[in-house]
Amino acid sequence: MLSYLLFTLTIGGIYAMLALSLNLIWGGVGMVNLGLAGFFAVGAYATAIVTGAGAPVIVGLGSALLAGVIVGLLVTYGTLRLRGDYLAIVTLGLAEVIRLIALNERWLTHGADGMSGIVAPLRSMVGSQAFNLGYLVFVSTVVILLWLLLRRLDHSPFGRAIKAVREDQELAAFAGKPVLRLKLQTFAVSAAVASLAGALYSHFQSYISPDHFQPLITIYIFLAVSAGGVGRPAGAVIGAYAVVAFLEGTRFVAELLPGVDPLQAAALREMLVGAALLLVLHLRPQGLLPERIQPARKT
Amino acid sequence: MTTLNLDRRSFLAASAAVAGASFLPGSLLAQDGPIRIGTLTPLTGAGGPYGPVMVKAVKAVVEKVNAAGGVKGRMVEIVSEDDQTNPEAGVRAARKLIDVDRVSAIIGTWASSVTTAVAPLCWESKTFLCTVSGADAITLLPHQGYLVRTQPNTALQGRKFGEFAVAQGGKKVFYLSPQTPFADSQYAAIEAALTKVGGESRKYIYDDKKPSYRSEVDEMLRYAPDTIVLGGYTPDTSVLLKDIYRSGFTGTKIAFGYSVNQKLLDTVQPELAEGIFTISPSPAAGSEAYKALVSLTGVASPDPYTTQIYDHINLVLLAIAAAGQASGEAIRSKIRAVSQSPDGVKVDNAVDGLKLIAEGRPINYDGASGPCDFTDIGDIIDCQFRYDQVRAGKLTLVKIA
């Protein structure tokens, strides 16, 4: 039971990082990134390949960040003139392209077999129970640090500038804000955070494959950010943990229901995820922790 | 309309209560008591058509065993989780089965990626894993014996394709396949079968989403093969067959049973598919275990995966009885003693086998999917294959061997 809780909390932490990434780009600049699973995959594969070649884990994490930034910049450059729905479609396509590359470039990614035996740092030395505990502490620390940083970013002039771009791009440009640079920077940071989440997942699970990066996870993260509150880092984090608790908790609830066979329970769980999203949007469209707009400073 | 007043504090409190309550049942579990076995099958996602029947078969077997007094007096309990045909979700479900339910074995993982993701959790926690996945890499994992599979690996399937091509008089084989996890290993086995008799072969990998395969077929004609092997799935094979027909190719065509199936024959013009041979792993239709499975589930011709999971649950329960202990380690040490003991009495179901074990006699389980004998790394040694040919627009059985 304990190791199950440790595992669930670690997964919650990784979802929280993805939620922070989405919150930054969606809640911050208002760019809809449906390709979250793709950036998650980029980070996971980058570190798996680099550490697989013998580099230490820290270099693996670094290269995941770098790979995320590069792909993030490429996408923003490629989609400069797109906003809203069109950007969403392109990013959705991008995630699929990344998945297909992972599937077909067998020399690099081992194709559909996936990459197994990714190093789990210190695991052979301390044993799996201590590793699980240590990894939870590590992931949670990263989440807290990211949350503090992104919260700080929100309150900084940079944070106000990107929200100005979100509200009205032309007006922000007219007011002298470098819209293009802001978008590039934010997307790159957001992509890097998602890639880092992928890298941490990779080292935690020791196995990744193209099947891991189906759009399903993107949907869970959108649910997390919508439930938590778009535009507020704390909301994204709480939303992510709530989604994982919900996904796991429904297993036990379904078992308690009498006369429900496993197939019905499975279908019920999927329906509950959809119903939860609808309920949140209906009852609290602004999310659990709504965005705080700072009043303009009095002069 | 009433408005629902839900402030943040009470929402958080309520959700915490729900989340907390949902973790309760686990802590109330007794360590002794029933033997727990987990099924981890796809109930939703791409494998969704197969999983539910698989669970049904397992439950039916367990009901029978419990009605006959359980395993060494202990009742058997099945915990079923959904792997959503997704390794990320599959790992979460497996964690719950292992850590909360404390199952001694997980049976029925279907997608190769799910099995590869779940396998490390199993061998680290000393939980036994039985799978129906086919990717060759699975049994090559460092699983320390905690894994067996009943699906023939792709190398064995490839060998059957190669040997069949040779038996049809093939000397020059062209292998056309989209990018799949098994394309390479399957081709290697075909190539080996041909080199053995002095023949030759070539491989061509295509993109499975193209509307036409003219250039692929031109490539094929340039090689001038006498036999072609089609490694794709139904949608791309339908398109490919059109272009092969136009090219006037008259040699032997061999394809997978799951790709050239009744659905394909219903949709393409009859002349396109005429004469194609299909090969597929065959359940041991006609065996006692197969008949028992049919009467248990009420399905007239169970799919291969259902026959395999039926064997998983029987084997696991027999191994637990033989070891006198319900743990993954016990199953690991005894699984081959009940599946392939050379002087064992042949049995085809757990209830009969349990009686024999209680009498202290050795047994050899032969199942619904085949003889269920395993190599050291957990692959099955042999299984039957079914060969059909499309004759006058219908799949006609050539042989089961």
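Going from the start of the chain as shown, residues are counted 1 onward.
Backbone N, Cα and C define each Cβ position, glycine as well.
Predicted, not measured: the structure shown is a model, and the values here were computed from it.
Looking at A:6-25, A:246-265, the range annotated in TrEMBL as transmembrane segment turns out to be A:6-25. Taking TrEMBL as the reference, the stretch among A:159-176, A:213-230 described by the feature transmembrane segment is residues A:213-230. Highest Cβ pair count under 8 Å relative to the transmembrane segment (A:84-102), across stretches A:6-25, A:32-51, A:57-77, A:130-150: A:32-51. Panel annotation: around the transmembrane segment (A:130-150), residues 3, 6-7, 9-10, 13-14, 16-17, 20, 23-24, 120, 122-123, 193, 196, 200, 203-204, 233-234, 237 of the same chain, lying at least six beyond its termini, place a Cβ under 8 Å from a Cβ of the stretch.
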